[in-house]
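Trainee: This is the structure I have questions about; it appears just below.
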Amino acid sequence: MKAMKRIEKKFIFKYVGIVFICLSIILTITSISLSFFFRAQKLNYFADENIDVEALSVKNREGLIIRGLIFVDKDLKKNNNNSIPTILVLHGINGRKEHKLDIIYQYVRLNYAVVSLEQRGHGESGGPSGFLGKEPYDMIDVIDYIEDNYQYANTTHIGILGFSYGGGIGATLQALEDRIHVSVLYHPLTSLKSLMERIPLQYLIGTTTAVPNFNNIQDAVAVANETNTKNLLLIQGLSDFIILPKDTQDFYSLINGLNRTDILLKERPGLGHIGNENDETSLKYAITWFEHFYNDKSIDITNLDNEITSVSLYNFNYPNNLLSENLIIASAIILFIGLSILIIKLRILPFWDDLPIKNDVDTSREGKDRYKKMIIYRTTAYLGSLLVTGVIFGFLNQSFLYGYFIFFPILSAVIMLFIPSELFSNWKDEWRNWIKSNLIPFLYSVSIILIPTFFFLIFYNLNAKLTLGFTIPIFTLGSLPYIIIGLGSGLADYAYLREMKGRHAMILMIIRPITILIFLIFVPLPPFPILGGLISHILFILLTGVILYYLRSLVMFLSKFYKNGFSIYLLIMLPLIIFFMRVFFRIV
């Protein structure tokens, strides 16, 4: 009778799992169908507005691909005498070429060609970020490409519309490149020195393949002056805590803006960073500035407040529906649930039940002594690997990111693999036993995590391509450092704590802050004033161990079902890695 009930339960779980998987497939098909519909809506919107949208792909002088989109009126595109005023839109940190469509639309309706570019290290463009040091030269390569391939674009009188980080690129670019005729820069990042006083990038990131030394980057403060700067409008929110008003004021003074009629600083009381970029009055200032230098010299740019009263903005009713994107997310979650039900119940648990019962704890005197030695050896090796990391990075590359979050987890995890638990006399026996008892559950449980993850990434990116959205660039070598950062610390701690009793795992709360303090001796990462200064610095150090301890506790709880801890780290951390890859730019 019991055997019959077990068989019935097995079939119930099997059918429930299959239902979830089928539902996931149905939602995916629905999502992709909607993607084609939403794509048609968006393209029809631009077609109805007589706007041509073309993808741009430029190989720069280093061989990296810089992506962009070109927006131009279809009738103006037929022009072949290079007379259409052309504006480069330079986004801020974490921006994409698909951003600022509402602003781009205004300029296209005013008969400008607009090129929205994706800076290196962002979205589909190649390479890690150059932090203002390389990006201006990328833009020069883009201008060369436009000059050679688009007969309608006036490339002898290019306009720049830059935001924040992109504003910093634009401030340097307009000083380097004579073809820049007019620029409007929202709260430009002109001084890396000022930024690094609040966010110590030189110690947080250190040397990268694109940035050998942050202190040697030629930012706008180093390059621009009153001789090589012209026709420049700066728009700064006075409540901006990201780009400080003082930095923009200092740059304005550097280029002698007070004594120039073609250089102006408009300060916006009550507006912060995002508020300034979204403000209609700021947009009208920008439009009026461009109109003066391109179309109507009678516009009095010394009295913008009066001139903008005649500016009317066009309604932008762009269809932007996220339903297909949300369906992909839901289908991936449902697929994960379905696979979990099927594989855990029908594969992992039967395999686990067939394993011989073994003691997890050696309660003999010798076993207790071996247990104590295990803790001592692992702790010594853990701290020793941190010490080695600190020495290496203290001399070679003072980088918290590369040293503490990439190199140290890899080194300590590898060393931990060779320090067995008290149940085994040597590491070879431990890993032979693991292969015999845990390899199959490990492979099954990892498949439960990875199949929905790849499923999500493939169809999410397909949806993004179809709906003119932006993709998650994770299928590249550039994503590898972020995967290591996301998984490394947790897995190193898991290797360190494996087979330890629950109460002894609390040592992580103490040892993690100690490792940070030791590393700070070699890489002196100062407090971040922008994030709260010394207090937040201390809290970060103290809470790191607590967070990782409770992360480990969650892993141990879930591993009761999946019979494997490693895969649970994947389950927890992969969604975070994917989120950060979607939202943030690439710096290493």
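Using N, Cα and C of the backbone, Cβ positions are placed for all residues, glycine too.
So TrEMBL lists the following for this protein:
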- 12-38: transmembrane segment (TRANSMEM)
- 134-292: domain 'Peptidase S9 prolyl oligopeptidase catalytic' (DOMAIN)
- 327-348: transmembrane segment (TRANSMEM)
- 375-395: transmembrane segment (TRANSMEM)
- 401-419: transmembrane segment (TRANSMEM)
- 439-460: transmembrane segment (TRANSMEM)
- 472-492: transmembrane segment (TRANSMEM)
- 504-524: transmembrane segment (TRANSMEM)
- 530-551: transmembrane segment (TRANSMEM)
- 566-585: transmembrane segment (TRANSMEM)
Trainee: Report, as numbers and ranges, every residue of the chain located at least six residues beyond the transmembrane segment (327-348) whose Cβ falls under 8 Å of a Cβ in that stretch; write 'none' if there are none.
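Mentor: Sequence-distant neighbours of the transmembrane segment (327-348): 10, 13-14, 16-21, 23-25, 27-28, 30-31, 34, 440-441, 444-445, 447-449, 451-453, 455-456, 459-460, 463, 561-563.
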Trainee: In the same chain, which residue numbers or ranges, 6 or more beyond the ends of the transmembrane segment (375-395), come under 8 angstroms Cβ to Cβ?
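Mentor: 206, 402-404, 407-408, 411-412, 415-416, 419, 496, 500, 504, 507, 511, 514-515, 518-519, 521-523.
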Trainee: Pairs of Cβ atoms less than 8 Å apart decide it: which stretch in 12-38, 439-460, 472-492, 504-524, 566-585 has the most with the transmembrane segment (401-419)?
Mentor: 472-492
Trainee: If we call contact 3 or more Cβ pairs under 8 Å (sequence gap 6 or more), are the transmembrane segment (472-492) and the transmembrane segment (12-38) touching?
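Mentor: No, the transmembrane segment (472-492) does not contact the transmembrane segment (12-38).
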Trainee: Excluding the flanking five residues on each side, which residues at least 6 beyond the ends of the transmembrane segment (12-38) place their CB within less than 8 Å of a CB in that stretch?
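Mentor: Tertiary neighbours of the transmembrane segment (12-38) are 319, 321, 323-325, 327-328, 330-332, 334-335, 337-342, 345-346, 455, 459, 462-463, 466-467.
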